[in-house]
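Peer 1: Let me begin by handing over the structure; questions about it come next.
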Amino acid sequence: MRTKNQSKMAEFLLLGLPIQPEQQGMVFTLFLGMYLTTVLGNLLIILLIRLDSRLHTPMYFFLSHLALTDISFSSVTVPKMLVNMLTSHKSIPFAECISQMYFFIFFTDLDSFLITSMAYDRYVAICHPLHYTTIMREELCTLLVAVSWILSCASSLSHTLLLSRLSFCAANTIPHFFCDLAALLKLACSDIFLNELVMFTVGVVVITLPFVCILVSYGYIGTTILRVPSTKGIRKALSTCGSHLSVVCLYYGAIFGQYLFPTFSNFLDKDIIVAIMYTVVTPMLNPFIYSLRNRDMKAALGKLFSRATFFSQ
């Protein structure tokens, strides 16, 4: 038979990063360092927000969830990639592959929704400062996070269920360092029209619409800032948005770069580069962006270090 049903597809083979064998040691050390930085940096953000009462605000509530998401996001793919670099056995069981794909999509979508919630928080803070506390109530913040989780779960579950109905050809090699949905669909022998239709539709809902909402929010923010007569007021407004804008540029820049610069694939596999930006670079940089560009976070960090020094004496 030309096809092999997915129930008989015991495992897939992950080719990993397109690097030479002699480069694996250096690349392994680099990515291990980046992964540890991601985990420790985001854990530090969660700890600071938890311990410092000045950070118990809606913006930092969303940031703590974003930090947790970034840790989980990297942990879905990077540890498996590091293990494969050290061993010659690069296979992944079918069930583990589908689970990895599910959680990768889940945390990708969750990142998008959380970043959008943070943009809405900045919009209310700058455009409606007198009503900020009444609008951004704890109930609303919790609802926004809960809806983000539910929509992300529905998105990833829809892709997983649709993939489970497919039959796969005898070839089981995935030219990636994790089980990417697009790469898995290329291995299918069944009709994938419905899968691709859902990919496009869901992609519009979880990526394009949130990005449009962010643009609209910052459009209103920009209009409000231009009405501020003092330079000091403009700097204060920009300081509250600078960190979030940096994260938006990193996250959506990687996504849209895949489509705006297709010739980049002549030199490197752009899908792998974009995935590295998602899973390694952006989660690693987020703690630095929010700690180095944010006075409240720097103050909380200084307070934590002072407390640690006091108890160590």
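From the backbone N, Cα and C atoms, a Cβ is placed for every residue, glycine too.
Note that this is a predicted model, so its numbers are computed, not measured.
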Peer 1: Would you mind telling me which of 223-241, 242-260 TrEMBL tags as transmembrane segment?
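Peer 2: Checking TrEMBL against the ranges 223-241, 242-260, the transmembrane segment one is 242-260.
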Peer 1: Match it up for me: which of 102-120, 159-177 does TrEMBL list as transmembrane segment?
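Peer 2: In TrEMBL, residues 102-120 carry the label transmembrane segment.
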Peer 1: So if I exclude everything within five residues of the ends of the transmembrane segment (61-82), which remaining residues of that chain have a CB under 8 angstroms from its CBs? That is, six or more out.
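Peer 2: 14, 16-17, 28, 31-32, 35, 38-39, 42-43, 45-46, 49-50, 92, 100, 103-104, 107-108, 110-111, 114-115, 117-118, 121, 141, 144-145, 177-178, 247, 275, 278-280, 282-284, 286-287, 290.
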Peer 1: Restricting to the domain 'G-protein coupled receptors family 1 profile' (41-290), report the mean pLDDT as a whole number.
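Peer 2: Per the prediction, mean pLDDT sits at 87 for the domain 'G-protein coupled receptors family 1 profile' (41-290).
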